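Annotation comment: Swiss-Prot describes 139, 160, 244 as active site. Look at Swiss-Prot and you will find 178 tagged as active site, proton acceptor, backed by sequence analysis. Taken from Swiss-Prot, the feature ATP binding site covers 154, 155, 156, 157, 158, 159, 160, 161, and the record attributes it to sequence analysis. The Mg(2+) binding site feature in Swiss-Prot is assigned to 161, 203. What Swiss-Prot lists as region 'Important for the catalytic mechanism of dephosphorylation' is 265-270.
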């Protein structure tokens with residue numbers, strides 16, 4: 001699912017001052033990439049990225065002021081198209097009257113901010129990348145365990161929320177329960193968050209819905225987290241062979257990214273919170289180049305080889 005971001009959302013998020021073209025605030029912003037239209041102001045229109053937010057800083061405005069009035073008017077008309085989501089003036093600079101008049105005539109939102117050009121560019125790009133990223137929703141619980149984003153999945157009633165509650169009591173942080181919104185950013189990272197309606201809430205059968213932040217404090221929750229590991233909880237199946245060494249490397253595809261997947265069988269007496277906690281720590285160790293399962297397999301192979309040599 002692809003989200004739609006409109007210029008009005010950018011204005012609200014970054015507290016921008018709207019100077020002209022308010023009727024165009026409903027225009028969609030189709031890409032997180034911004035445009036510094038220096039070449040357009042210089043008269044080269046061939047590759048004008050008119051569907052991007054246009055950012056005019058000190059360099060562009062200084063050059064624009066050096067043009068004749070006729071050229072300023074011409075370039076302003078080129079800037080303001082039906083597809084242009086908006087024009088942003090940075091550093092609080094005065095707005096050339098030609099740009100203001102053409103923006104108003106074409107209903108192109110003309111905005112201004114006191115922020116430095118490079119700073120506001122970076123902030124808006126990050127905001128748009130997150131909002132426009134491909135998104136899906138999955139049933140599960142997302143918890144930050146020792147800095148590792150662990151998505152706990154499983155059938156309804158298997159104990160996901162109860163396990164998350166125990167993890168929160170052990171000092172870890174809840175991101176989302178029941179429904180996890182997952183966005184894939186430009187660098188193929190999966191970032192999970194909770195829908196606004198159920199943010200910081202946890203459903204425990206027999207108790208009901210609890211507010212984790214109210215009960216355990218602000219340190220027990222976070223708004224979003226990169227998903228690094230998926231743990232699938234399933235009822236113990238005596239006829240199924242589960243990985244007992246750790247050499248199996250399974251993954252699960254979410255959008256376009258593959259995420260490591262562990263399957264943990266559930267049966268009475270197993271402390272799932274501790275097991276998942278250890279799984280997160282083991283994942284961190286593997287990222288540091290320490291793989292206990294592979295080291296054990298290597299030692300075992302060496303021992304067998306030595307034994308065969310003695311025969």
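Heads up, the Cβ atoms here are built off N, Cα and C, so glycines get one too.
Since the structure is predicted, the reported quantities are computational estimates derived from the model, not experimental observations.
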**Complete:** Simplified DSSP label at residue 154 (ATP binding site) comes out strand
**Prompt:** Where the distance is taken from Cα to Cα, which of the recorded positions 154, 160, 161 turns out closest to residue 244 (active site)?
**Reply:** 154
**Complete:** Counting every protein chain shown, other Cβ atoms within 10 Å of the Cβ of residue 244 (active site) number 8
**Asked** Within 8 Å of the Cβ centre of 154, 155, 156, 157, 158, 159, 160, 161, which other residues of the chain have their Cβ, at the recorded ATP site?
**Response** 233
**Complete:** Counting across all protein chains, other CB atoms within 10 angstroms of the CB of residue 160 (active site) number 24
**Request:** Using DSSP, tally how many residues of the region 'Important for the catalytic mechanism of dephosphorylation' (265-270) sit in helix, strand and coil.
**Result:** 0 helix, 2 strand, 4 coil
**Request:** Select the most exposed residue of 154, 157, 159, where exposure means the fewest other Cβ atoms within 10 Å, treating these as the binding-site residues.
**Result:** 157
**Asked** How far is it from residue 139 (active site) to residue 158 (ATP binding site), counting Cα to Cα, in Å?
**Response** 13
**Complete:** Counting across all protein chains, other CB atoms within 10 angstroms of the CB of residue 203 (Mg(2+) binding site) number 17
**Fill in**
In the region 'Important for the catalytic mechanism of dephosphorylation' (265-270), averaged pLDDT is 83
**Message:** I want to check the contact list for residue 155 (ATP binding site): same chain, sequence separation of six or more, C-beta distance under 8 angstroms. What comes out?
**Reply:** 234, 235
